[in-house]
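As listed in TrEMBL for this protein:
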- 448: active site, phosphohistidine intermediate (ACT_SITE)
- 57, 481, 577, 605: ATP binding site (BINDING)
- 388, 418: Mg(2+) binding site (BINDING)
- 19-124: domain 'Polyphosphate kinase N-terminal' (DOMAIN)
- 137-315: domain 'Polyphosphate kinase middle' (DOMAIN)
- 344-507: domain 'Polyphosphate kinase C-terminal' (DOMAIN)
- 517-679: domain 'Polyphosphate kinase C-terminal' (DOMAIN)
């Protein structure tokens, strides 16, 4: 596809040099997260949490992205990526980058965080740090908690290498001697019980300085490994962990019952093809080679760990530490006073829209909307989409109460929400048993839209009320993710929401909507049209701008539309937290585009779009990022913000606020690298905390 830069100069927008590889940019996001673990301005235990988040992100990166890349290589795919690289070329470069990142992760852990916690009287003890009393306690713990449930497996012809659970803690033991059956055994494997914590808090009487002391489960097993192999010589015992392909594979043409198919696939996820070996750095090369050979891996798939093979497990340990001074100050959320005054949300919505900014404003407003709908005798029906939700969700309980009281309650539960499939299956069964009409959406398209529709009789007529959001109906993540939610009774928006629910439940033909855009039908088309209108306005000499805040930008069609808008003279600001395949600042292509990533205390999760021409201005919120999966393979919505006060808030709180950030901001350069803008004192998230601490809006 061609576009024009300078007069007479034709620019090929398909040039791979204008794009960044998705895997590389995803890894770059994890590098930015890891920098928060180094940032001394961040409270110590929060730094540990960021390290755990980075470790967990890398796990998922291997389970999904690297696994998919390896599948393409196995199929000898020569298809070029958006940046012109073949799958094997991507993997080679990616492997080098991930090894460097892993080394840095352990370096920060060992040189900064562990010593920092020790100074604060928080101790994670290695075996050499154990006192005699701790040795006695560990012996007792092994005998009573580990020995009864552990199963050592000697490797021979009758005992091939076991299929080990994905990401589980295991030990490879090098042995010498004969067992009870006179067999020569060289190696054995011990699988650590999944029911036991990886970091075990010591009893208070063993905490000599009164602080927090933890002992590693791995250390207890290694110290007492000889108890599992009596009479044999132990040459070495080394922790290792296997990461497997965890993507679910469903053949739609063969599925008769989606719930049954997902349940069946969930078991196989734990035993997919191995894509990564993590092993203790002390493990000898011959044993590493043995593990690689058994799992059809190569040396570039090996990651030598200078510490525990799963740093993410520290999350549960540090959550046990009662040190408020080493955490962020508690979040005090604000419930808008004007809602308190009128209390009944339906009465408020009869007069005005409500725009909620989480986590700064209370998620209790959304919960109250569902609760009031469930309890209101004038409410006849409630419909809601559930993509990810809390296992003890009070909203789910409200839906059940509504169904039991005789209301028509429909829940569209997405069974294929990655890594939440099992909990969503349980949720669907729970709702179904309570009398809720449970549907699974549309085969082939994940239902990612966040919608709630309430139908209520008001003054003798039926009236619709909706909640539409950028984030999930999840009370816990609502405290950590930044999102926007709209409560409204505006007729065209509520009517369109009802139509989309009808499409999800009845699967009829697509009906043209008046206010909402939805994928895979009109969302991308409308975005492209809005971008084109800005381009035309700029070409006519008018000042125009596009402001977008999303989690990811990978779709080539959208990127090229933004490139053409930049060439036309549109000023474009892109706040993209994570993956971004667009390159800003390329002469003649993207001179007018800035890309900023904000990584801070809260996970930036808004999806907000703003388009301004000489004669029009539009604000939208959405459940969708600008990624292929959102635009083509999911049910998503984009909804307009029509109320002027709500528009002003988005302009001030999102775009003006975040574009000023010089504390948690990273600006992408023309080569795809990120330049930190983190030495200033303007933090967009802190400004919002301050705003809502004193606000009544």
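Any Cβ shown, glycine's included, is placed from N, Cα and C.
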Specify the count of other C-beta atoms within 10 Å of the C-beta of residue 388 (Mg(2+) binding site).
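Result for residue 388 (Mg(2+) binding site): 20 other Cβ atoms within 10 Å.
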Are there any residues in the same chain, six or more apart in sequence, whose C-beta is under 8 angstroms from the C-beta of residue 57 (ATP binding site), and if so which?
29, 30, 33
Would you kindly give the Cα-Cα distance separating residue 481 (ATP binding site) and residue 388 (Mg(2+) binding site), rounded to the nearest Å?
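Distance between the two Cα atoms comes out at 13 Å.
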Excluding 57, 481, 577, 605, please set out which residues of the same chain place their CB within 8 Å of the center of the CB atoms of the ATP site, keeping sequence order.
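Along the chain, the qualifying residues are 551, 578, 603, 604.
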If you run the three-state DSSP split on residue 57 (ATP binding site), which class comes out?
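Reduced to three states, the DSSP call for residue 57 (ATP binding site) is helix.
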In sequence order, what residues of the same chain, 6+ apart, have a Cβ less than 8 Å from the Cβ of residue 577 (ATP binding site)?
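Same-chain residues close to residue 577 (ATP binding site) (Cβ under 8 Å, separated by 6 or more) are 29, 550, 551, 552, 597, 598, 599, 603, 604, 605.
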Which ones in the same chain are close to residue 481 (ATP binding site), with CB under 8 Å and 6+ residues apart in sequence?
358, 359, 471, 602, 603, 604, 605
Please give the average pLDDT for the domain 'Polyphosphate kinase N-terminal' (19-124) in this predicted model.
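Averaged over the domain 'Polyphosphate kinase N-terminal' (19-124), the predicted model reaches a pLDDT of 95.
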Hey, which of the recorded positions 418, 448, 605 is the loneliest by Cβ count within 10 Å?
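Result for the recorded positions 418, 448, 605: minimum number of other Cβ atoms within 10 Å at 418.
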For the residue listed as 'active site, phosphohistidine intermediate' and residue 418 (Mg(2+) binding site), determine the Cα separation and express it in whole Å.
11
DSSP-wise, what's the residue breakdown of the domain 'Polyphosphate kinase N-terminal' (19-124) into helix, strand and coil?
81 helix, 4 strand, 21 coil
Quick check: in three-state DSSP terms, what is residue 388 (Mg(2+) binding site)?
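The residue in question, residue 388 (Mg(2+) binding site), is coil (DSSP, three-state).
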